[in-house]
Amino acid sequence: MIAIVNYGVGNLKSISKALETVGAKVSVTSDPEKIKCASGVVFPGVGAFKSAIEKLNLIRDVIDSLEVPILGICLGMQLFATESTEGGVYRGLDYIPGRVVRFPPSVGKVPHMGWNTLKITREAEILDGVESGEFVYFVHSYYMQTDDEFVISKTDYGIDFPSGVERENYIGFQFHPEKSGKVGLRILENFVNIVKR
């Protein structure tokens, strides 16, 4: 079972439906016991960093102890960072060293919304069957700054920013696989296969 952690954000139905489409059994939950027993965990997207991290901190001992694959989507990926500057400066989970910052005005329209391409920067099982140049769907005003060693894909929006990161059992995407058509479903299927191992 894959636990989709409910920390008060939107988009829970679309990610659970997409995972079910690729054969996963899912449970949307904030119950620490269910999360502890899951074979994979998803931190979904769409919401504010501050309120999400406050809710996660209530079950921090449980999520810090997880050794199963964890997928962070959009806000979920940003929560992996050391800190975020969204609405102030807030400590993140610090699973992937980095800082979440707002796009500079020089990029043009913020939020970055719509389809954009991936540039794969290193091999990663989560991206099996996905090629550079394929389109995925974004909705965000903030992005993670992190070392290249953790970056598996980048995307250009006036600046090159990390659109995919990976460290140990933590995998994060700034885009929404559940809204990214066949490419997104392939990525979610890869995650399910990683979880099954």
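Every residue, even glycine, has its Cβ placed from backbone N, Cα and C.
Quick look at what Swiss-Prot lists:
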- Cys74: active site, nucleophile (ACT_SITE)
- His176: active site (ACT_SITE)
- Glu178: active site (ACT_SITE)
- 1-197: domain 'Glutamine amidotransferase type-1' (DOMAIN)
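A straight line from the CA of Glu178 (active site) to the CA of the residue listed as 'active site, nucleophile' spans 11 Å.
Rounded to a whole value, the Cα-Cα separation of the residue listed as 'active site, nucleophile' and His176 (active site) is 7 Å. Of all Cβ atoms in the shown protein chains, 25 besides its own fall within 10 Å of the Cβ of Glu178 (active site). Between the candidate active-site residues, Cys74, His176, the densest Cβ environment within 10 Å is the one around Cys74. Under the three-state DSSP scheme, His176 (active site) falls in the coil class. The average per-residue pLDDT of the prediction over the domain 'Glutamine amidotransferase type-1' (1-197) is 97, rounded to a whole number.
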